[in-house]
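Remarks on the structure that follows.
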Amino acid sequence: MFKFASAVILCVVAASSTLAQHNPHWWGNRNTIVHLFEWKWDDIAAECENFLGPHGFAGVQVSPVNENIISSGRPWWERYQPISYKLTTRSGDEQDFGDMVRRCNDVGVRIYVDVLLNHMSGDFDGVAVGTAGTEAEPSKKSFPGVPYSAQDFHPSCEITDWNDRFQVQQCELVGLKDLDQSSDWVRSKLIEFLDHLIELGVAGFRVDAAKHMAADDLSYIYSSLSDLSTEHGFPHNARPFIFQEVIDHGHETVSREEYNTLGAVTEFRFSEEIGNAFRGNNALKWLQSWGTGWGFLPSGQALTFVDNHDNQRDMGAVLNYKSPKQYKMATAFHLAYPYGISRVMSSFAFDDHDTAPPQDAQERIISPEFDAEGACVNGWICEHRWRQIYAMVGFKNAVRDTELSNWWDNGDSQISFCRGNKGFLAVNNNLYDLSQDLQTCLPAGVYCDVISGSLVDGSCTGKSVTVDSNGYGYVHIGSDDFDGVLALHVDAKV
């Protein structure tokens with residue numbers, strides 16, 4: 001009886017812990033994460049204080065923090081080739097990182113670190129030197145900065161069959177030396193690394209290449225982590241938020257369902273299908289059943305995005321900043337529709353897959369610069385600073401915890417819907433105008449369209465819609481309008 005009771009208690013504790021790992025620990029009504037890809041720590045700290053906090057962003061996903069290999073030309077992917085767990089990269093050192101986390105937490109913006117638990121660096125001719133000056137011999141699986149040696153890795157093999165679980169989880173992903181997460185030593189070093197980040201005040205982790213690690217091994221690692229730091233404002237017993245990179249197109253041998261109980265999972269099908277729709281390959285009317293109706297994960301288990309730092313560089317349906325009108329429309333729908341844990345992308349300009357972040361002649365990452373409108377101008381794209389995107393972050397905050405209602409469509413790619421009695425979105429992805437009296441569900445009054453402008457000193461700088469006593473308003477979105485979307489909410493009422 002005692003053994004049975006103990007087993008039940010352990011199961012309940014484990015279940016509670018994994019459920020807690022789905023909680024992103026947002027402040028108030030905030031509920032959007034931004035990925036400030038390759039930004040420096042001091043620039044992120046300033047952005048939290050000057051822009052993200054004031055505009056209601058909930059958190060930042062930051063690039064990998066651990067020491068990485070130095071590759072010729074400094075491509076972005078060198079950050080995904082660890083040399084040690086020292087917190088020194090081109091984004092800054094441990095002191096810079098700790099200062100950034102503290103300053104962002106102070107203004108209600110949480111930090112989530114992209115962590116590399118699957119592997120170390122790939123082959124390198126001779127001795128490699130990392131960003132903290134640590135030497136390693138990746139070809140010999142020798143990483144004295146941790147330290148790891150050959151016995152801490154799976155035997156080298158190439159992934160040639162993506163339907164072979166053994167290859168996917170024990171061979172080398174694009175030649176990266178594959179750690180053995182079942183090893184007590186490897187587990188201890190990974191837990192030590194993550195716990196140190198928790199001590200510094202982070203709210204959670206994006207786990208890179210999660211599908212290439214056995215779910216049981218990850219479960220052990222996650223459950224062994226410390227609670228979040230109360231010194232950084234987290235409540236007692238708060239668990240780190242976990243979201244895991246698992247690419248699953250629905251026919252994978254290693255599936256997302258093996259990981260979604262451990263934490264949230266990146267819902268790549270969301271990205272692909274929203275790109276298809278707003279590129280015109282699917283009528284928007286079908287988005288009424290968006291989310292689980294499309295076979296996606298349950299809302300609280302799905303990390304959703306229009307694009308990420310990987311797939312924005314690939315050919316195909318995925319939208320990126322290079323198709324700005326469609327990208328802004330897709331992002332508006334993403335942030336308005338009540339599904340998923342939302343993350344928006346903040347990129348730098350690229351011409352090919354390997355393009356480095358903006359850097360100077362000494363290969364130091366440069367800080368973003370802004371024009372009079374607040375947009376980035378020196379190689380950083382900063383989609384999160386586009387009015388049409390940060391305004392939708394505010395929309396998402398204003399309508400939090402409301403249901404979708406009053407879906408309307410024209411039988412093709414003009415749609416609208418309400419979020420309770422707090423918000424309304426209309427989209428026109430047809431080649432002809434949308435001109436229609438539509439149910440907005442809003443109280444009577446005049447509302448500013450937060451896509452084309454904003455509410456300033458009691459008046460609208462862009463379009464406005466007058467809502468009558470029955471909740472109806474006349475909506476016009478021309479086919480050649482700069483933006484193909486209109487958004488109203490209660491915090492933008494004149």
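In case you wondered, yes, glycine gets a Cβ from its N, Cα and C as well.
Candidates considered were C104, C157. The record in Swiss-Prot pairs C48 in a disulfide bond with C104.
Here Swiss-Prot has N118, Q169, D178 binding Ca(2+), and the candidate from H212, H232 in that same listed site is H212.
Together with R206, R343, Swiss-Prot lists one candidate of N163, N308, N378 for binding chloride, that being N308. In Swiss-Prot, the cysteine linked to C448 by a disulfide bond, out of C418, C460, is C460. Recorded residues E245 (active site, proton donor) and R206 (chloride binding site) have their alpha carbons 7 Å apart, per Cα-Cα distance. N308 (chloride binding site) has a Cβ environment of 22 other Cβ atoms inside 10 Å. In this structure, R343 (chloride binding site) is part of a beta strand by DSSP.
Here the Cβ of N118 (Ca(2+) binding site) has 25 other Cβ atoms within 10 Å, regardless of which shown protein chain they belong to.
A distance of 27 Å separates the Cα atom of R343 (chloride binding site) from that of Q169 (Ca(2+) binding site). Counting only residues at least six positions away in the same chain, the Cβ atoms of G204, Y222, R239, P240, F241, I242, L262, G263 sit under 8 Å from the Cβ of Q21 (pyrrolidone carboxylic acid). Here the CA atom of D208 (active site, nucleophile) lies 11 Å from the CA atom of D310 (site 'Transition state stabilizer'). The recorded positions recorded for this entry are N118, Q169, D178, D208, H212, and the Cα of D208 lies nearest to that of N308 (chloride binding site).
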